[in-house]
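Below: one structure in structure tokens.
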């Protein structure tokens, strides 16, 4: 999926898979500069850090997006056992025997992108935007570019509609993602008003879970090397 940084695209409507975290909020901010209509969709799957739903609602209002839908998909909680769906399972820094982190929720992005695709179909939108990333790989197979391409193909063939899944962060590291927020003058908003923490702490988070470690490492790198990281981001933009 090609990253896009132009001020406008040919597609006037986009659906953003929006959790209220750093990555999806950064994608939402960028989308507002590129599309005439930006529709957010947030999923309630009984997640451990379900405070993110209220954060997403607040940010959607603050950023004045076209519409924001919160969808109940708590059935996923019944089917997928994970540290993110069971409070009794502590978030671990170690990988499980199958090589995946215990925060992996099987089928989550398959379900999210399928439902976002149906929503985009009804809205007449031609793009779904999601903040998945392969560069700072967290071990989630459903964040890989190959998976996204496969999902896009399935949606196009299954609904007989031209639909793009756009992944602006796919090849950016976390420092470059912070730079992207700063590029749109929204670094402070993303830093202090998003929720990435698996333990549900807004802003800089608990400081202990894997999500907080990755977020902090990227922020520290960006703040210490702003010019260099911004130059890397600019170099990654597609040339006209």
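Each position is counted from 1, following the chain as shown.
Positions of Cβ are set from backbone N, Cα and C atoms, glycine also.
What Swiss-Prot records for 18, 19, 20, 21, 22, 23, 24, 25, 26, 27, 28 is ATP binding site. Summarising the annotation, Swiss-Prot assigns Zn(2+) binding site to 197, 206, 209, 212 and lists sequence analysis as the type of evidence.
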Find the one among the binding-site residues 197, 206, 209, 212 whose C-alpha lies closest to that of residue 20 (ATP binding site).
197
Say you check the Cα of residue 209 (Zn(2+) binding site) against those of the binding-site residues 18, 22, 26, 28; which is nearest?
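Checked the binding-site residues 18, 22, 26, 28; minimum Cα distance to residue 209 (Zn(2+) binding site) goes to 22.
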Nearest to residue 197 (Zn(2+) binding site) by Cα, among 18, 22, 24, 26, 28 (binding-site residues)?
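Spatially nearest to residue 197 (Zn(2+) binding site) by Cα position is 22.
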Taking the Cβ of residue 212 (Zn(2+) binding site) as the reference point, list residues of the same chain whose Cβ is under 8 angstroms away and which are at least six residues distant in sequence.
196, 197, 198, 201, 204, 205, 206
Enumerate the residues of the same chain, 197, 206, 209, 212 excluded, that satisfy the criterion Cβ within 8 A of the mean position of the Cβ atoms of the recorded Zn(2+) site; list them in sequence order.
196, 198, 199, 201, 205, 207, 208, 210, 211, 213
I need the least crowded one of these binding-site residues (28, 197, 206, 209), counting other C-beta atoms within 10 angstroms of each C-beta.
206
Check the DSSP secondary structure of residue 18 (ATP binding site), expressed as helix, strand or coil.
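Reduced to three states, the DSSP call for residue 18 (ATP binding site) is coil.
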Below 8 Å Cβ to Cβ and six or more residues apart, same chain only. Which residues does that give for residue 26 (ATP binding site)?
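Same-chain residues close to residue 26 (ATP binding site) (Cβ under 8 Å, separated by 6 or more) are 131, 168, 169, 177, 180, 181, 186, 190.
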With every protein chain in view, how many other Cβ atoms are within 10 Å of the Cβ of residue 22 (ATP binding site)?
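Looking across every protein chain shown, the total is 25.
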Note the Cβ centroid of 18, 19, 20, 21, 22, 23, 24, 25, 26, 27, 28, the recorded ATP site, then list each other residue of that chain whose Cβ lies within 8 Å of it, in sequence.
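Output for this site, in sequence order: 16, 131, 194.
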